[in-house]
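Enquirer: Below: one structure in structure tokens.
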Amino acid sequence: MTIAVCPGSYDPVTAGHLDVIERSARFFDEVHVVVAVNAAKTPMFSDATRVDVIRRALDKAGCKNVTVSSTDGLITDYCKKVGATVIVKGLRQNGDYEAELGMALVNRKLAGIETLFLPADPILEHISSSIVKDVARHGGDVTGMVPDCVVPMLADALAEERQRKD
């Protein structure tokens, strides 16, 4: 059985993330989507919220061979724990490749785990979690950029953010 891990901060999960996860689920027997803590980022949503939203979106998509969890440790340690032999990452643009290649080489050195890069669907390659949050912060419509369940959640989080600033 081939097990893959799709790590990310998923803050929030986007249509592009889901596309990569769903495509991965067609190639591998089992896929683990892992909400990973990124010390360089301050998340808008808790780990538990991100896990829950991804689960709901994948249930709606009918992905049966996908597990969703979180970790604050090394992704390679998580891979070893679940028996994963590959990490799957989506690539949108050249900048993604440069950033992800270094991590892929470290993961190979640490644990012998290979990274498979899936190119983004051209229709979705402009979407990132940061862009989604920025568009929403400025009153733009993010429908179609994120799963339907994220739209009201994002609006609520931004309303709370505005209240804290006032």
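The backbone N, Cα and C atoms fix where each Cβ goes, and this holds for glycine too.
Residues or ranges marked as substrate binding site by Swiss-Prot: SER9, LYS41, ILE75, LYS89. The ATP binding site annotation in Swiss-Prot covers SER9, TYR10, HIS17, GLY90, LEU91, ARG92, GLU100, LEU124, GLU125, HIS126, ILE127, SER128, SER129, SER130 and rests on sequence analysis. Residues or ranges marked as site 'Transition state stabilizer' in Swiss-Prot (evidence: sequence analysis): HIS17.
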Enquirer: Please work out the number of neighbouring Cβ atoms within 10 Å of the Cβ of SER129 (ATP binding site), leaving out its own Cβ.
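Expert: Taking every protein chain into account, the count is 23.
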Enquirer: Which binding-site residues from the set GLU125, ILE127, SER129 come within 10 angstroms of LYS89 (substrate binding site), judged by C-alpha positions?
Expert: none
Enquirer: Which of the listed binding-site residues (ILE75, LEU91) has the least company, meaning the fewest other Cβ atoms within 10 Å of its Cβ?
Expert: LEU91
Enquirer: So, three-state DSSP: helix, strand or coil for LYS89 (substrate binding site)?
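Expert: The residue in question, LYS89 (substrate binding site), is strand (DSSP, three-state).
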Enquirer: If you count other Cβ atoms within 10 Å of each one's Cβ, which of the binding-site residues HIS17, LYS41, LYS89 has the most?
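Expert: Max Cβ neighbours within 10 Å, all protein chains included: HIS17.
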Enquirer: Suppose we draw a 10 Å sphere around the Cβ of GLU125 (ATP binding site). How many other Cβ atoms does it contain, all chains included?
Expert: 16
Enquirer: Nearest to LEU91 (ATP binding site) in three-dimensional space, by Cα, is which of the binding-site residues SER9, LYS41, ILE75?
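Expert: Of all the candidates listed, SER9 is nearest in space.
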Enquirer: I'd like to know which of the binding-site residues SER9, GLU100, ILE127 has the most other Cβ atoms within 10 Å of its Cβ.
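Expert: That would be ILE127, with the most Cβ atoms nearby.
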Enquirer: Any idea of the Cα spread of the substrate site, SER9, LYS41, ILE75, LYS89, as a max distance in Å?
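Expert: The span, Cα to Cα at its widest, is 18 Å.
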Enquirer: Rank aside, I only need the closest one: which of the binding-site residues HIS17, GLU100, GLU125, ILE127, SER129 has its C-alpha nearest to that of ILE75 (substrate binding site)?
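Expert: Sorting the binding-site residues by distance from ILE75 (substrate binding site), the top entry is GLU100.
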Enquirer: Taking just the CA atoms, what is the gap between SER129 (ATP binding site) and SER9 (substrate binding site) in Å?
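Expert: For SER129 (ATP binding site) versus SER9 (substrate binding site), the Cα atoms are 9 Å apart.
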Enquirer: Sorry to bug you, but what's the C-alpha spacing from GLU100 (ATP binding site) to SER9 (substrate binding site), rounded to the closest Å?
Expert: 14
